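Asks: Pasting a structure here, questions to come.
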């Protein structure tokens, strides 16, 4: 065990003993969930979907966790990384929450994890896909119910080769998340024998893609692989189609390219292939029930973010049931969280040694404005997380 | 780089530059004539886009939506000028920066309350849904050509108004020496209200006309704001001609910078701005 | 301007300083279990106060409105992050001078280029340089990119093997930050009242006159720019130390905008005003965030009202407490009755900083 891990563990145990002295009186208090999600700015929709999913899961279980009431403390993370440590600290040290759930943005995650490291606060990441969170930073008190960039893009590398593509141009924003996503794809694609003709990094958060599209047209690859999200994803897919490139060069992407934005993308998205750990059309009883319940509660179709929030809620439900609502014994609680197994709307879900989800990654194609599942690109994919063995 | 590729990028740079000009023209008008730094400029652009998104779906027609949205934008400019800016003209730029900084927060949050956090889009209007074939595998939307035409036409109109009308003489004089204009018995107050409303309307109109080409999302105005400032400063504050050439320069620099020197792409416009200001500290056309 | 304030300013500031300094005594009583967090928040406010104060030298004293001051704040944070050894603490004896040196060099280069511009152009060029570094840090391989970097150990303060100060102890760190603010304040007070400060005042009032009198005004301005940058970098270093984290967002123009906001809220040109402004701004934001997720609306309205009603900030209220006569002239009443006051006959000109003439 490295020195660093020892200190991390020591701090967790320290907090645990400290907390257990309060444990006896704390039991009839509500379980406090600190939500550190963006409620303003570019990522608002993601923050809201995650919150909806989480609240739905807990509401379905009588608004109680392990027999205790639930109290939500919502804090707008503004998706501003420089404020992340102080916001996290406010939840942990100021509001004394039992769990922190967040964030969406990887930069914010870094700031949060620094405080998670110092305080041992149990943190569940319902979105941010930075690989380091469950790898280099390796903390027993940190869980993830979402994905890492690598996990969603790696399966596409193989799938793209199997579709017959040999030369591919990759394009993303010049930021950590985008580069990690491309790395996963490029690893699998070159392993299979394909060649990356060009890697294009667009300054973040530029959405003016015309010059890059001309570049792609003149490179004439077999296909394009891309990662953009939110408004950037919508713009890219629409511009790609408007330039007529989709007629000669198929567009592949990470599922985040189109997820949650099908209506905005409209016809331009038809035929775009993506890989992701969820699709709203998954034909399983769990997913049908989830989609129906979500639609009834919020009047809209759920997206991946909503599922990630939902599974975070389900994880808490299951773990707190296992420990009978006792949040004082940290070690037992962490153990319970790590051994959670869910029949999630996205398929079977369990957690690796690094507290990263082991899950199916689906190959999806947009047909008639829906993500139709073409197949499972990789079944029960576990992220290597070589630097983290707990 | 072969000739066709170069030609296509030239077209892209021109189109982006022209759109930038339209977005920046309102800013430079307000900047130059009223001496107001409007940080909420990007928010106005965003509001234009959201208005046209909302109205297109309400009214079922993009053109009708623009027709309704422009007066709303003018009214918004009028209200902001009368309510907030009116007391600030005599004060330091700092206060304008801060007041409009506050306005950004309010307007962005209003957007969220009214339209929510989802990403939206406006379909390209039927009339211009066709495309021309640029190369064997690359097409170009008619709508982009139309936007270029509109931007050019508006540039011409603005230029004509400023060069050849009485209002234009007053505006030019006001930008040089405000006291003198007032001394001549011209009601500067009304002039300012007019200029601010027109400036806001121009910006919002840019947002409306750009809406089918972009995605409509929270915070979309923030990223365009700084680029607009760079355009205006390079051209020379208050100079419409400067804003025009500044916008074309930045449009070209971003387009060619992104394919020729990708490692510097994000910094290229700031490098240009710094360079211009070192040689001509008041901008190219001041 | 002599930068002399009525005696009550000194008294109020001393009382407030003492009040903050004895927080460990009253904090646990008032905040209970939250006391540790509140002290951490207070530490942050002190750091921001130092940052705001440094900007006041430029904006309030010299009259150069910078919208790129976060450049130096971030530079301090990143110098600490990148120069710190990975597995052991850095010694403060070389880390602090290094941070100051890097900031001074950067300020010298940037200052040399931007000092030539004036007014709006100064605002824009400082913004441009700030954004340049922002994008550089964002995209560079060596800086951790958009995700930012961790600083695993706070620098050590040791002399000959004995630990003088344990910065890892929150209480010690709190007092170190408090001391930095007090020292920074005294330094700026001394500076503004010195001969050099008088020249800066002169430049603020009328640069041409000072030039005509034979002062090389751009040299004076450049020195002020460097001093201001170095102070901001120290604030940035402390900020990065507090949570062990540096991120490009610290360099972005929003950070510059926020610190300007603190300045105006507190009252620029007074040195002590920005300290109050930093506290007020953070307390407001903390309160609003607790009230609603729509907090930006409340924050925005507060900012707008502050600009309209409190042009000289909190410091202005202390130096010149409102009386009947001044209330009649208050911007708010003017604003309400403004229709009667047309036409406007004054060109835009800089406001005088909120400095009193008495005492």
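Placed from the backbone N, Cα and C atoms, the Cβ positions cover glycine too.
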Asks: When TrEMBL marks a stretch as transmembrane segment, which of C:120-137, C:138-155 is it?
Replies: C:120-137
Asks: If you look at how TrEMBL annotates this chain, which of C:197-218, C:219-240 comes out as transmembrane segment?
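Replies: Per TrEMBL, the stretch marked transmembrane segment is C:219-240.
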Asks: Counting only residues 6 or more past its boundaries, what in the same chain has a CB within less than 8 Å of a CB in the transmembrane segment (C:260-284)?
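Replies: For the transmembrane segment (C:260-284), the list is 3, 5, 9, 13, 16, 41, 44-45, 48-49, 51-53, 55-56, 59-61, 65, 67, 69, 181, 185, 188-189, 192, 299, 302-303, 306-307, 310, 312-317, 319, 352-355.
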Asks: Considering only Cβ pairs under 8 Å, which range in C:93-115, C:120-137, C:171-188 makes the most contacts with the transmembrane segment (C:43-65)?
Replies: C:171-188
Asks: Which residues of the chain, 6 or more past the ends of the transmembrane segment (C:70-87), have a CB below 8 A from one of its CBs?
Replies: 51, 54, 95, 98-99, 102-103, 106-107, 110, 126, 129-130, 133-134, 137, 142-144, 149-153, 155, 228-230, 232-241, 246, 248, 250-253, 255-256, 259
Asks: If we skip the immediate neighbours and take only residues 6+ beyond the ends of the transmembrane segment (C:93-115), which ones have a Cβ under 8 Å from one of its Cβ atoms?
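Replies: Answer is 68, 71-72, 75-76, 79-80, 83-84, 122, 125-126, 129, 155, 218, 221-222, 225-226, 228-230, 232-234, 236-237.
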